[in-house]
Amino acid sequence: MWSGIPIFALLSSIGIAAAETGLDGWLRYASVPCNGNCQRALPSHIVTLNSTRSSPVYVAGQELQDGLHQILGKHASVKSTGCSTDSSIIVGTVEAYRQVCNAGRQVPQFDVDGFWLSIREKSVLIVGQSERGALYGAYEYLSMLAQGNFSQVSYATSPHAPIRWVNQWDNMDGSIERGYGGPSIFFKDGVIRQDLSRVQQYARLLASVRINGIIVNNVNANASLLMPSNMDGLARIADIFRPYGIRVGISLNFASPSTLGNLSTYDPFDSSVIAWWGNVTDQLYARIPDMAGYLVKANSEGQPGPTTYNRTLADGANMFARALKPYGGVVMFRAFVYDHHISEDNWYNDRANAAVDFFKPLDGKFDDNVVVQIKYGPIDFQVREPASPLFANLYKTNTAIELQVTQEYLGQQSHLVYLPPLWQTILGFDLRVDQKPSLVRDIISGQRFDRPLGGWAAVVNVGTNSTWLGSHLAMSNLYAYGRLAWEPTLDSEDIVQDWIRLTFGLDRRIVDTLTQMSMESWPAYENYSGNLGIQTLTDILYTHYGPNPASQDGNGWGQWTRADHLSIGMDRTVKNGTKFSGQYPAEVAAMYENIETTPDNLLLWFHHVNYTQRLHSGKTVIQHFYDAHYTGAETAQTFVSQWESLRERIDAERYQHVLTRLIYQAGHSIVWRDAINNFYHNLSGIADEKQRVGHHPWRVEAEDMQLDGYVPYAVSPFETASNYTAIVTASNGTTGTASATLDFKTGTYDLGINYYDMYGGKSHWTVYLNDRVVGQWQGNSEDVLSHTPSIYLDGHSATRITFRDVKIHKGDRLKIVGKPDGVEPAPLDYVVVLPPGIVD
């Protein structure tokens, strides 16, 4: 019951708020109109059935008091005694409610962490099975008010699964692996930060969407976290999270007994190793009595693990589980285990097989407080993957799904990509174990196989940026993750509409516009990045950001496409290929084994086919590639105009922040489109039926302009430059000029310039028409955008700037002057002169 029809949602405009940084996220508690009658209908008192400041019930009272005041201008008193329901909000646990209030009223049934919310006129009851649940109920009530929803309700709700955690990949030096929102809020210079004020703000956000656990450090863990002084720092962090019902856990380095403890081994069967980990665990729980447990990445991507000593992964996990058992702690053991040195020359090699190969033989051998944490797909957070078959192969083992809020392969928060529709393709997938309904969401909850533990983990990676993730719009994914972890059957569109109202207000125009943009964003990104199950065609060897399809193949990482002159795709059939399809239960395996029953959107995941293979749509594979990439880029262009239509409805600071990123995405989507299409056009030799690929009548190639101080440069990968060539200044101390006479009909155009914005320099460019300045800009995207920068001319650094509504006469002289800086040689790719309504 998160949604309702907000009373004020039909207002055309609520007015523009003061500038906002985004720090409050969806907990802005922005003012909602509330007249005298409205004020009189609100409770005047808040009764918290616990006065201990570290109690989530106490926090609930403070949140309710602040929220009522900020949202509705209502001043409500807070007390911890009495139980009058007259014009009061009573918040507490079931036990406290029955004891203190001597309540004869029947309380509905709900599970641990669940709550009951009852709103009757001016009487509000918020009763949790635990103190954490009571806090969740308080946030639920405030969410309703903040959305203008004053409905009278009475319902109980319980979580889908007991584990609802977030993972942070924060390093001890303060950097964050795959983090795009600034440095760590936890660590700096090898120790825990002294200033942990952002941690409390993060705790509020997480608790408001019912997250109950956090791993604060990188899975590629540094053993120094286990030094006594850092354990003390972890206790400080845990003290901040505790009042919000969030338990803290840590990632461990398997070799810590050797690297930190000076033991000669880290064999999980060695008594000295077992004792060492037992002592570490004792020390941690002495400081953090409610510690959640450990997250372990072992024998993966160079990380140490038990197989070094011919022990199984279960042996390693159980060593930690037994140290945690007396304290009620949990081991989250990652299933992301594979060999990244396999040879593509062997047709039957397949990284996708690894999880089942490693873990299926161990089913039933993990202790009951071990949870195997499984990425949603068999590879690595790709734009589309089938559900991991490991979910269907662990009957006697607790499992959790691992999602990724941080957009490692999906635009790194510089592209708008709303992820829940992607996640729902996995959560709602029926694996048909034993020919019975076996939805992934029911497996991870423990319901399908009657397991005591299970749930959710998401790699989030917030940082010190005021937007938390590097983009205001990316916060919709964190919000939605919490919502889905509580109730995975929720509709993705309903969730984002709630987030929009809480983040940007009740203006119906804002809600409708952002809903459309959000729901179109993942399909658009899939279209211009990678289609038909081929994976995200990004540079897997470098930044995981821009296009580089060749990087998928010819190495041991196993994200292969097996693309050649005639054909493309992985043959994962049992009959001819890697036998991956056979890892699924029979009904699903049969669907994927047969090319006729394999969905088009996963065709190239399961089958190696000619480029001329016909899809169910009737198109060939290669023509689908061409069309989809154009369609996706065209959709991305519309995000700019849609957002601009909200200019007078959103505060200037957030408006400009989002606009900058959407303009960038519009340009970078064209970089993606052209790179992928040019690569496969060059590889296959098959022309685009619509004659778009390689044909750009509105472009002026930089290398074809008159150059002074600039020289041509062969870009690598070749497809990330129009006509495979850019221009750079002859030296880093030389100003370059590129000039051309424009042969376009007189009219008003958008003047676009594609260039490269490299890390390590901030070049400056000025554009002239007939010696009149049209505009200028600086290559400073590393200061503005969140994605991993590049030191090369490539698909990561390629970008576009557009000057709109430029009056151009046929025969005008265009001149671009570039001044290099640092290692950046003011590189240019091409100029495009676009008539109204044309997407280059």
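Just so you know, glycine gets a Cβ as well, placed from its N, Cα and C.
What Swiss-Prot annotates here:
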{"type": "SIGNAL", "residues": "1-19", "note": "signal peptide"}
{"type": "CARBOHYD", "residues": "Asn50", "note": "N-linked glycosylation site"}
{"type": "CARBOHYD", "residues": "Asn149", "note": "N-linked glycosylation site"}
{"type": "CARBOHYD", "residues": "Asn222", "note": "N-linked glycosylation site"}
{"type": "CARBOHYD", "residues": "Asn262", "note": "N-linked glycosylation site"}
{"type": "CARBOHYD", "residues": "Asn279", "note": "N-linked glycosylation site"}
{"type": "CARBOHYD", "residues": "Asn310", "note": "N-linked glycosylation site"}
{"type": "CARBOHYD", "residues": "Asn465", "note": "N-linked glycosylation site"}
{"type": "CARBOHYD", "residues": "Asn527", "note": "N-linked glycosylation site"}
{"type": "CARBOHYD", "residues": "Asn610", "note": "N-linked glycosylation site"}
{"type": "CARBOHYD", "residues": "Asn682", "note": "N-linked glycosylation site"}
{"type": "CARBOHYD", "residues": "Asn723", "note": "N-linked glycosylation site"}
{"type": "CARBOHYD", "residues": "Asn732", "note": "N-linked glycosylation site"}
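Swiss-Prot feature annotations superimposed on the structure.
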residue: Asn50; record: N-linked glycosylation site; DSSP class: coil
residue: Asn149; record: N-linked glycosylation site; DSSP class: coil
residue: Asn262; record: N-linked glycosylation site; DSSP class: coil
residue: Asn310; record: N-linked glycosylation site; DSSP class: coil
residue: Asn465; record: N-linked glycosylation site; DSSP class: coil
residue: Asn527; record: N-linked glycosylation site; DSSP class: helix
residue: Asn610; record: N-linked glycosylation site; DSSP class: strand
residue: Asn682; record: N-linked glycosylation site; DSSP class: helix
residue: Asn723; record: N-linked glycosylation site; DSSP class: helix
residue: Asn732; record: N-linked glycosylation site; DSSP class: coil
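Least crowded of the glycosylation sites (Asn149, Asn262, Asn279, Asn682), judged by neighbouring Cβ atoms within 10 Å of its own Cβ: Asn262.
Per Cα geometry, Asn310 is the residue among the glycosylation sites Asn310, Asn465, Asn527, Asn723 nearest to Asn262 (N-linked glycosylation site). Counting only residues at least six positions away in the same chain, the Cβ atoms of Val57, Tyr58, Ser80, Gly92, Thr93, Ala96, Glu131 sit under 8 Å from the Cβ of Asn50 (N-linked glycosylation site). Shown are the glycosylation sites Asn310, Asn723; the one with the most C-beta atoms within 10 angstroms of its own C-beta is Asn723. A straight line from the CA of Asn723 (N-linked glycosylation site) to the CA of Asn732 (N-linked glycosylation site) spans 24 Å. For the glycosylation sites Asn465, Asn527, Asn610, Asn732, the largest tally of other C-beta atoms within 10 A is found at Asn527. Of all the glycosylation sites in the list Asn222, Asn310, Asn527, Asn682, the shortest Cα-Cα distance to Asn465 (N-linked glycosylation site) is found for Asn222. Asn279 (N-linked glycosylation site) sits 18 Å from Asn222 (N-linked glycosylation site), taking the Cα positions as reference.
Under the DSSP three-state reduction, Asn279 (N-linked glycosylation site) is assigned to helix.
You'll find the Cα of Asn732 (N-linked glycosylation site) roughly 33 Å from the Cα of Asn682 (N-linked glycosylation site).
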